[in-house]
């Protein structure tokens, strides 16, 4: 939720911000219309309350002097009726105005490219040594800043589906039969690799000052509304029938809501929290995309970074959590690029977002594996998370970033570390798996 005082004094800024994001500016217009009604009613209420006080004093004086106060009493009754009517109107206007506030997006940071479409995200850097099938060289160069750091493959690597089935580490048919599309069984050494990824990420973040939590996998409506953009996530979230509960799409939502309506002490900031959880997504808006395999699924495990900090520190923390994610993928040896997400693709909460996109040689393209966002005070206002200072109470800033979404990284490893009919385990994970290869037999 945006700062009402900031909005009132910067109407044009917020209308322009809607244009930057490619969303309707009608909510801003509606807010100012309702806010003027709210101010007008408040002015009338203040006048009526003053009038009531004057009439009440007259009544007291008349009674004291044995005078007739019937006219004044009738006037007070009429004033009370009018006050009650206006207070009811004011409450309805406040509710509608506050509802509209939830729909006005966060201000885009000045460093965000103002444009639309993922294809216009701004390349920040490319890192790594890629394996590129000869037919995909131009695609790779175009999206890596014309990097020459690659080796040419004469044959396209196997898809993770074909490789997983050949090695008996993925079962999609059984999952589809008992659960439907976009579900899966991960088996044998691939499951051990997934567990190794999780343990590696947890150790990595623990060494960098993050506390580790496993949050609730369900949130009530109030918490979910405060933590995320329900309108954007309406095609993503699973609602529990007959309950005021939603399955989480990411542990970010639970961690953010964990401190809702709380006051923090300035000395305790920043708070770095890493959440490990299953995530559940309907993917209703992804019809026809990635229908085979485990890249885009209804259920997956994820390690999430989350930071509560002081406003003046949040932009440094955005670079920190992005750097943490990059360090993980560099250590794994997965080639990737970082993009500065353009204004039209940010979502309502983020003031700025970076994506990390890994190179997938079997698919011949970069695909998103990490999103790192600074939501400034927008999410904290929605959840009412403040900290105490010597100069008064302030809202914290909140930031989040994927560390590892396991199914997508499994696919990245399967495509980038194929060696014939086997998969080589990245060196940093061997101490966690206890083996160097996934192979037949």
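In case you wondered, yes, glycine gets a Cβ from its N, Cα and C as well.
Taking Cβ-Cβ distances under 8 Å and a sequence separation of 6 or more, the neighbours of residue 250 (L-serine binding site) in its chain are 277, 279, 302, 304, 400. What Swiss-Prot records for 250, 251, 252, 304, 402 is L-serine binding site.
In the three-state DSSP classification, residue 283 (ATP binding site) falls within coil. If you look up Swiss-Prot, you'll see 281, 282, 283, 297, 368, 369, 370, 371 marked as ATP binding site, on the strength of sequence analysis.
In the three-state DSSP assignment, the secondary structure recorded for residue 297 (ATP binding site) is coil. Put simply, residue 402 (L-serine binding site) is 6 Å from residue 371 (ATP binding site) when counted between their Cα atoms. Here the Cβ of residue 369 (ATP binding site) has 22 other Cβ atoms within 10 Å, regardless of which shown protein chain they belong to. Proximity of residue 297 (ATP binding site) to non-local residues of its own chain (separation of 6 or more, Cβ distance below 8 Å) is seen for 182, 183, 184, 281, 283, 407, given in sequence order. Residue 252 (L-serine binding site) sits 13 Å from residue 370 (ATP binding site), taking the Cα positions as reference. Counted over every protein chain shown, other Cβ atoms within 10 Å are most numerous around 252 among the binding-site residues 252, 283, 368. Other Cβ atoms within 10 Å of the Cβ of residue 371 (ATP binding site), summed over all protein chains shown, number 20.
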